[in-house]
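As recorded in TrEMBL:
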- Cys88, His130, His134: Fe cation binding site (BINDING)
- Glu131: active site (ACT_SITE)
Amino acid sequence: MAVKPIRLFGDPVLRTPAEPVKDFDKELRKLVKDLTDTMIDASGAGLAAPQLGVSLRVFTYCVEDRLGHLVNPTLDLSEDQEEDEEGCLSIPGLTFPTPRAKRAVAKGFNMYGEPITLEGTDLLARCVQHETDHLDGILFIDRMDPEQRKAAMKLIRQAEWFGEPVPVIKESPHRTLGRAL
């Protein structure tokens, strides 16, 4: 089991758009396993590579007994929206009402480069949107209206973990393009 530290709000990697995956290789499969192990250990519904400090377009999900991953996702969203409580492993212990499309169709690839389509409503749709936002450097609090976001930021600043130092990750001497894996 390879449980990795999850990057917290304030870490610049969470605000940086991730790079598309180009190599569907052993390193990508290890990243997917690390994401899955860390997500399950943290009891999360999803986890994106930037949350582990890896700037690649990959996320894992575990919603309604569906466990999987998606590489280089694109989204097609319904126009109808709903607001529901949402949280994030990078903003631990806090949830806020966040508007999202009710239905999402995500297209991308599995870790072997085979095309896959993931369709979902409700929690799965919310999860896919949330994780894809991470890949674009967007956090769920960015989706809130200004007043709600202001209140959320106040609670975040009061959180025990806020302002903790960003974990130092040593660069691998192997072909990871300087990304910690």
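The backbone N, Cα and C atoms fix where each Cβ goes, and this holds for glycine too.
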- Can you list, in sequence order, the residues of the same chain other than Cys88, His130, His134 whose CB lies within 8 Å of the CB centroid of the Fe cation site? Gly46, Ala48, Gln51, Leu89, Ser90, Glu131, Asp133, Leu139, Phe140
- Same-chain residues at least 6 apart in sequence with Cβ under 8 Å of the Cβ of Glu131 (active site), in sequence order, are Gly46, Leu47, Ala48, Phe59, Thr60, Tyr61, Leu70, Pro73
